[in-house]
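S.K.: Structure provided below as structure tokens; questions to follow.
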Amino acid sequence: MPLPQVRFPNARNIPAIGQGTWRMGERSSRRNDEVRALRMGLDLGLRLIDTAEMYGDGRSEEVVGEAIRGRRDEVFLVSKVLPSHARHDALIKACENSLRRLGTEHLDLYLLHWRSSTPLEETLGAFETLIAQGKIGSYGVSNFDVDDLRELAGTPFGAHCQTNQVLYNLGSRGIDFDLLPYQAERRMPVMAYCPLAQAGGLDDAVWTHPQVQAVADKHRAGVGQILLAWAIRPQWDERPVLAIPKAVQTEHVQANAAALEIQLDAEDLRALDAAFPPPQHKRSLDIV
Ligand code: NDP
């Protein structure tokens with residue numbers, strides 16, 4: 001059985017679980033562990049690494065740069081530009097700074113971290129300039145709700161948007177109502193951030209619910225693995241979701257990679273729906 005992959009509109013295929021890096025680079029004492037974790041993730045097939053100029057004021061990108069040194073070709077590298085850099089010239093400069101910190105000549109995917117007051121046309125125009133210069137392979141957005149995506153689709157380069165990175169996990173599944181179907185219809189994968197609800201820091205309920213634990217026991221898996229398998233669950237083909245858990249501890253990296261092989265069946269999904277029901281009406285986008 002092939003492992004689940006997500007296909008971007010530009011036909012790049014990537015394993016449906018990648019690696020997040022928020023909070024990496026914040027403490028020098030942890031740097032070696034963080035580099036080791038990211039390299040192990042790559043060894044285990046977690047090819048997408050997500051970072052941002054915001055994380056640790058650029059130090060997360062430096063950690064990633066160290067981790068991918070000598071193995072750039074294995075990585076699908078994603079970074080994000082701050083909304084305060086969304087104007088054309090500032091965005092070009094921000095990208096160049098990210099590339100320098102990452103020690104690479106190009107990003108595979110560059111995202112607008114969240115919406116700014118800069119007109120979308122200008123930001124997308126800057127992304128197009130970066131593509132023409134060979135500095136990025138593609139671009140997308142983050143923290144956009146359906147109305148934002150509709151507006152984006154109406155701009156000249158709107159159809160070039162590859163993804164929308166948003167908060168999504170079993171306990172925070174408002175996008176199941178409208179955003180996920182909207183993107184699925186357009187074959188634009190959702191990139192799920194906080195797929196583990198920050199190990200309970202964000203939402204303890206998913207980690208302590210007996211029904212989630214029961215599904216985990218059935219699969220001889222950890223709750224974290226079930227949360228990841230749920231995020232990329234069987235509908236992944238039609239409703240593509242790519243999850244980007246952040247993990248520094250070795251056993252977490254291993255567990256997250258192994259979650260690619262867990263297939264939840266209809267009974268599991270019913271049990272999880274009963275514990276955390278799908279939304280019946282529009283909910284505003286969750287953010288952190
Ligand atoms: P996550 O939901 O990924 O949770 C991370 C926490 O889970 C860490 O404490 C980690 O511990 C722990 N963990 C990892 N794997 C396991 C496991 N198998 N079992 C138990 N615990 C585990 O939270 P994040 O906020 O980090 O979100 C993921 C990524 O999404 C970010 O790192 C970032 O790249 C991106 N993001 C994007 C945002 C945006 O606005 N676009 C906003 C927030 C995040 P440890 O590290 O000790 O191993």
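Using N, Cα and C of the backbone, Cβ positions are placed for all residues, glycine too.
Unlike curated records, TrEMBL annotations are generated automatically.
As annotated in TrEMBL:
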| type | residues | note |
| --- | --- | --- |
| ACT_SITE | Tyr55 | active site, proton donor |
| BINDING | His113 | substrate binding site |
| DOMAIN | 17-274 | domain 'NADP-dependent oxidoreductase' |
| SITE | Lys80 | site 'Lowers pKa of active site Tyr' |
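So that I understand the layout, could you describe where these features sit and how close they are to other parts?
M.R.: Its own atom aside, the Cβ of Tyr55 (active site, proton donor) has 23 Cβ atoms within 10 angstroms in the protein chains shown.
Around His113 (substrate binding site), the same-chain residues six or more apart in sequence whose CB sits under 8 Å from its CB are Ala52, Met54, Lys80, Val81, Leu82, Pro83, Ser142, Asn143, listed in sequence order.
Within the model, the domain 'NADP-dependent oxidoreductase' (17-274) shows a mean pLDDT value of 96, rounded to a whole number.
Note on Lys80 (site 'Lowers pKa of active site Tyr'): other Cβ atoms within 10 Å of its Cβ, all shown chains, come to 25.
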